[in-house]
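Asker: Sharing a structure with you now.
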């Protein structure tokens, strides 16, 4: 099963991705993990990403797309994956469709975790990270609404919304039900 997870920052996508990956028997693919792995292994893509990150810039989509393409073509992803943190934009979604099309494959589902903004702010402030101030969190929410929410229309027909409020296991049960599991 090939699944993309969407939702605002702090919606619990990373937590749910790990659980879904275990229950579906497919790898959890996170762009953050891909960046770290490529950088620590000093791959050509890792070195390219590092240059941007060192300058405080976002890693360009073409670099991210190539990392994702390499990862979804690894043997452990032959039967599917849970993608977390990608795609973030419609351009990245188009790139993913091409990558999967080249593999004679396509997405099975897009889960969108729905969490009210005030709940997101509370959750992220409770994590106690230095860079998680309320202003920063609300700005990340704005960026999500502007750049990532348009994916909901792009993936019309594949999107299943999941109530992301509640205990981790409750949300996971809802996510599995949404996938028909």
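Using N, Cα and C of the backbone, Cβ positions are placed for all residues, glycine too.
So Swiss-Prot says this about it:
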BINDING   10, 11, 12, 13, 14, 15, 127, 166  ATP binding site
REGION    30-59  region 'NMP'
BINDING   31, 36, 57, 58, 59, 85, 86, 87, 88, 92, 129, 140  AMP binding site
REGION    126-132  region 'LID'
Asker: What is the pLDDT of the region 'NMP' (30-59) when averaged and given as a whole number?
Answerer: 92
Asker: Pick out which of the binding-site residues 11, 59 has the most other Cβ atoms within 10 Å of its own Cβ.
Answerer: 11
Asker: So, three-state DSSP: helix, strand or coil for residue 57 (AMP binding site)?
Answerer: coil
Asker: What is the interatomic distance between the Cα atoms of residue 10 (ATP binding site) and residue 129 (AMP binding site), given in whole Å?
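Answerer: For residue 10 (ATP binding site) versus residue 129 (AMP binding site), the Cα atoms are 12 Å apart.
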Asker: Per DSSP, to which secondary structure element type does residue 14 (ATP binding site) belong, with helix, strand and coil as the options?
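Answerer: Note: residue 14 (ATP binding site) is helical by DSSP.
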Asker: Roughly how many Å lie between the Cα atoms of residue 86 (AMP binding site) and residue 12 (ATP binding site), rounded to a whole value?
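Answerer: If we compare the Cα positions of residue 86 (AMP binding site) and residue 12 (ATP binding site), the gap is 15 Å.
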Asker: Just give the helix, strand and coil counts over the region 'LID' (126-132), going by DSSP.
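Answerer: DSSP composition of the region 'LID' (126-132): 2 helix, 0 strand, 5 coil.
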Asker: Please work out which residue of 15, 31 has the most C-beta neighbours within 10 angstroms of its C-beta, and give that one of the binding-site residues.
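Answerer: Its Cβ has the most other Cβ atoms within 10 Å: 31.
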Asker: What Cα-Cα separation, expressed in whole Å, is found between residue 13 (ATP binding site) and residue 88 (AMP binding site)?
Answerer: 13
